[in-house]
Amino acid sequence: MEVIIPNEPSQIPVLVADAICALVERKPDATLGIATGSTPLAIYDELARRHDAGELSLARAKAFMLDEYVGLPAEHPERYRNVIDTAFTSRLDIDPANVHGPDGLADDLAEACADYERRIVEAGGVDLQILGIGTDGHIAFNEPGSSLASRTRIKTLTSQTRIDNARFFGGDIEAVPRHCLTQGLGTIMDARHVVLVALGKGKSEAVHNLTEGPVSALWPATILQHHPHASVLLDPGAASRLQLSDYYREAYESKPAWQGL
Ligand code: F6R
């Protein structure tokens, strides 16, 4: 796991966009794993800027979302499919038919999850997965206690996550759905490169456990310690509880420029 704390936090979306551009250059039909929430928005802004500048085309790329709320009406603005349409799909030249998400409105949710796993495999697997992290240590919506080998399935959100996400629902915790479909930790671990971004002091405990704690279902993101290619990009607030932050900074400063993420 490589921990990067850039001197200038505004570099974070630039570094992630650089990695995506390098991937698409060597593999134009690459498969991206995309996250929702506030953390990746600056990355999508940077991708859109590069697309508008003629520097990036996702015309042949595919994308898979991490998760979806169960039961939110099709037109609800916070349905993750709609959030991704607005923040990502509509601003790039990716074919909307190639942007996939779990179907939180399916009659048979278990079958929808199995179907999602099949579609990821048929697409050849995820090349680069963007991740945020919850204050309770979740990635996608794998809440504490999730099996470290889990696949796409229905999960119940913790009250902490519903409190955290109430800001997207006018501050009304009761409006935040209780259930979601989410890629499992095993599904995420199959991605060839995972890039996790955490911003702000509110994430510092989760980040400390992610990078320096024991691997445990209590902090689900810790499974990434077993990933062969995991990049963790942090701003100073998110990095504020790390024991080894001086070492991470020193290692990054002396990293060869050609290496990328
Ligand atoms: C969203 C997702 C979640 C978020 C996490 C952090 O698709 O998978 O794990 O990444 O809840 O959310 P923000 O970025 O809003 O702090």
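Just so it is clear, glycine is given a Cβ too, placed from its N, Cα and C backbone atoms.
Record features (TrEMBL):
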ACT_SITE  Asp67  active site, proton acceptor
ACT_SITE  Asp136  active site, for ring-opening step
ACT_SITE  His138  active site, proton acceptor
ACT_SITE  Glu143  active site, for ring-opening step
DOMAIN    16-226  domain 'Glucosamine/galactosamine-6-phosphate isomerase'
SITE      Ser146  site 'Part of the allosteric site'
SITE      Arg153  site 'Part of the allosteric site'
SITE      Lys155  site 'Part of the allosteric site'
SITE      Thr156  site 'Part of the allosteric site'
Fill in the CA-CA distance, His138 (active site, proton acceptor) to Asp67 (active site, proton acceptor), as an integer in Å.
12
Want to know which active-site residues, from Asp67, Asp136, Glu143, are within 10 Å of Thr156 (site 'Part of the allosteric site') at Cα; which are they?
Glu143
Would you list, in sequence order, the recorded positions among Asp67, Asp136, Lys155 whose CA lies within 10 Å of the CA of Ser146 (site 'Part of the allosteric site')?
Lys155
Between Asp67 (active site, proton acceptor) and Glu143 (active site, for ring-opening step): CA-CA distance (Å):
12
Near ligand 1, which of the recorded positions Asp136, Glu143, Ser146, Arg153, Lys155, Thr156 have CB less than 6 Å from any of its atoms?
none
Measure from the CA atom of Lys155 (site 'Part of the allosteric site') to the CA atom of Asp136 (active site, for ring-opening step) and give the result in Å, rounded to a whole number.
15
Considering every residue in the domain 'Glucosamine/galactosamine-6-phosphate isomerase' (16-226), what is the mean pLDDT value?
98
